[in-house]
Amino acid sequence: MIKAPNIILVGPMGAGKTTIGRLISQSMGKAFYDLDKVIEDNAGADIPWIFEREGEDGFRRRETQALAAIAQSDTGDCVLATGGGIVMREENRDILRDNALVVYLYASVAQQLYRTSKSTHRPLLQTGDPKATLKKLFEVRDPLYREVATLIIETDARHPRSVANKVLDAIKRHLKMESTVS
Ligand SMILES: Nc1ncnc2c1ncn2[C@@H]1O[C@H](COP(=O)(O)OP(=O)(O)OP(=O)(O)O)[C@@H](O)[C@H]1O
Ligand SMILES: O=C(O)C1=C[C@@H](O)[C@@H](O)[C@H](O)C1
Ligand SMILES: [Mg+2]
């Protein structure tokens, strides 16, 4: 097993945070959490229901609570996949930077659109023009993902297993480099 701090995956909808997070948690022998799922379990309701009843603000409050509870209480033995909007609050960006090795899974807008097209579980994409929405979100969020990221991994045109291996290699290299400078 690789020794490492908590690994937190960030990136846009469809980048593969849930898919890749699960794969790397298995390889690292760490527990896996999906923040969207944790929020749903805590609320006893799904994300579309939370957006409908409490608005995006209500969802964001729940998201910050869930992030803080996991990132600040867990002792380096989990992989956490976040939702695409986790970087919108400054408070969240501080928690991410201070408590984890953060991996930004990069995907182009075209890939985001393709990978999210089969699901209706993302309320922000239930619009007439999901491509324009993804583009607008990406313009705002890409610099914020970069701001919190320890590592940036490109996911376009790569099979999930190959992305997971790339993430694992990058984490190993990073931790090795850190141990030689400290
Ligand atoms: N590298 C990849 N190549 C091809 N398909 C992928 C890849 N990564 C993920 N997928 C597929 O894309 C879809 C979305 O992936 P996933 O749910 O893991 O994204 P996410 O980043 O967790 O999105 P969200 O922010 O909405 O939770 C899934 O159907 C998944 O199988
Ligand atoms: O990009 C976003 O803002 C979101 C992404 C999803 O993972 C969910 O967290 C929710 O649908 C909001
Ligand atoms: Mg996800």
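Cβ coordinates are placed from backbone N, Cα and C, and glycine is handled just like the others.
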Point to revise | Annotated companion of Asp36, Arg60, Gly84 at the substrate site, TrEMBL, chosen from Arg22, Arg97, Arg115, Arg141 | key: Arg141
Review point. Gly14, Ala15, Gly16, Lys17, Thr18, Thr19, Arg158 bind ATP in TrEMBL, but which of Arg53, Arg61, Arg122 does that record place at the same site?
Key: Arg122
Check your understanding: Three-state secondary structure of Asp36 (substrate binding site) from DSSP?
Key -> helix
Practice item. Let me know the most crowded of the binding-site residues, choosing from Lys17, Arg60, Arg122, Arg141 and counting other Cβ atoms within 10 Å. Key: Lys17
Review point. Which binding-site residues from the list Lys17, Thr19, Arg122 come close to ligand 2, meaning a Cβ under 6 Å from one of its atoms?
Key: Arg122
Point to revise | binding-site residues near Gly14 (ATP binding site), in sequence order, restricted to Asp36, Arg60, Gly84 and a 10 Å Cα cut-off | key: Gly84
